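As annotated by TrEMBL, domain 'Luciferase-like' applies to 36-393. Annotation comment: TrEMBL describes 64, 110, 160, 164, 238 as FMN binding site.
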């Protein structure tokens, strides 16, 4: 019997990738049909973007990192050998070409507040928002790699909570630049030779910011873009990360051990958002999901078994070491995972802790694809089976959409687009081409692409016609 969904609104469908040979599909770069080795070719990215848009995806979500993975065995050699998120190119520089080849696909791009300056970041995202016609989102991260800190001038990475303190001020500076510097009518472009004015100086304002981490006295260098503020995406669910998400995020990439763990984090962030004066409906929640699909359940399981032959569990553990800051190279596979206090990703550390997940997880179990490629929920079956499982997952977790992990690329995205999306469309769960900007696409009640009135960016806005 088909699952009867409790929610009927369109599902947020993001394709989840990284500008590298292997993202969360550990070892599958060795699969003969995988084409991710072409990631340094601009044609690869243009083809991917066009395919995603044609089949009905909302957004291409691109992860990033700023250092080599070197926690496991205290060296980068294992990650280089196993092809784990290295080599790696800059995702921001790929968006222009993909935007020129598409019209509705959004782009969620990762940029770290720890190793960037808000004045430069504001300029980059305003530029991307202009050239995409308002289809840009910013995946805000604070970064957890010690290798990034060493090579970007910090010596050692900042403490976990201090990185979020800096990020709070970073966001405040960008909001001031995007919202409070240029008025909408600042650009006049009067070409009369006697009265020529391009920009009215009285409508461009210095932000006069002076804080603990940043001093930015002057105004923005870019005129207002379609959204002014990129859609703010964020993935932290640690205590401090959840607080940051509740304040700033419009889309939260949430993790948890099983549906109950995800649901608990969703409810926690929603409650915090209300505390900060935000409406829960103005925050969307997504989870990472892997899908193996084919024309029948049997053939989908055969495909899964084929993929499993190329899966590299050691690579998964090497990456897990980097994410958590814990060297698991000397840990036995049957060792029960428990939370350890580090300055890396605390939410990933807590995901498999017995007190949080409600059960014991061994290192081997956490790395096994039966528990999810890339530690994501994995659905296997025909289009009908996957659509049923996906709708049930969204209901049980109280989430709004997914980041679909690539397993074999572009096969995974193409299979989902060819089989599952038409099934979801029959159920009314695909939004089509509605929404001029990414924000309007994700929030249909938004009428002008700007942040909602309860978002902290709104307090700096000159334009008072802000959606409620």
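Easy rule for this one: first residue shown is 1, then count along the chain.
Any Cβ shown, glycine's included, is placed from N, Cα and C.
Working note on the binding-site residues 110, 238: by count of other C-beta atoms within 10 Å of each C-beta, 110 ranks first. Following the DSSP three-state reduction, the secondary structure of residue 110 (FMN binding site) is strand. Between the farthest pair of Cα atoms in the FMN binding residues (64, 110, 160, 164, 238), the distance is 20 Å.
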